[in-house]
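Asks: My questions will all concern the structure given below.
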């Protein structure tokens, strides 16, 4: 993996190019980059063909290559099969020619806290908790042969974590990484690139310690950084307070080399993503679009500076009875398959009748909208207009700041009244 910084604007962040040589011949990806979040190696609700033909391929143009975000917590059962697989990991998953990065935890689901023993890191799978030693982790990496993988770390921290818990996360990560750095050189035949984890919660001193440990490694030991330990994944990431998060990230970025890529996985809100890009973070994922879809929300926030219509909410609630007779697209002027072929009333009907097509159409729209958002971000940086985009996304042509946090939708379809509507449950 090679990363080239192409352009840095003082007011707008930076543009870069990520060159992956291991993805079946080599691909180039522009940054700021949006990884495609997967579950079990598949994009949620979408087959590989559906994604390529109706999301990745826009207006009949040649599909732009993507970087698949894979998570060990949803794929650990594949290690034995992949050890015998002769081709690339992306080819095994049905996405030949695409890049991939293997992370530990699923950013779409809340990660349980605890289980952090001295010499193991826990991952929580569908089969329960599995404890990973550094030795076992590197065996899995040798089987998966990902294009990029993150170093083993203890990222079980958030804003409420105690100083003791934060320090333990840093110390444990250093012990894990001492072994990972040593063994990574023996994986060179796989062409896998390593991301050094930077942990330490919201403690500047702990973050600095984590950075120093990574930077004291010999040149070439790793290819970039992954900043973790700010949240416990899932919906919690959508509600993070930028005033507390951004100063810590900015402190970290200033201490890291400019020529190394910086990744922050998690369902960060569009506004937080823009602020992080302004600071210098390069890679994010689509878990926010997924979290919105599974909670019956279509993304409709505005990022087109030509539009002057105020939007007090960034979402359209598909379960809202008010849209059951609205025969208009989910979002005006949207070019996705869902908005071109279907209406709000139809998608509402699909959810009301519990049809599988409902989440498929909603996921297509949300991914299309979020990918278009990143295209606009790159264009804004090139024109040094990112501050204007931040202001637009923040206020949505209104007078006050818009709330982008996603709350769990507790509306369910009663089996007794399927087709008649939704009712509210008290389930947490």
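Every residue, even glycine, has its Cβ placed from backbone N, Cα and C.
The Zn(2+) binding site annotation in Swiss-Prot covers 334, 336, 339, 365 and rests on sequence analysis.
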Asks: Which one of these binding-site residues, 334, 336, 339, has the sparsest Cβ neighbourhood, judged by other Cβ atoms within 10 angstroms?
Replies: 334
Asks: Please list, in sequence order, every residue of the chain apart from 334, 336, 339, 365 whose Cβ lies within 8 Å of the Cβ centroid of the Zn(2+) site.
Replies: 329, 330, 331, 335, 337, 338, 340, 364, 368, 369
Asks: What is the Cβ neighbour count of residue 365 (Zn(2+) binding site) at a 10 Å cut-off, with all protein chains included?
Replies: 28
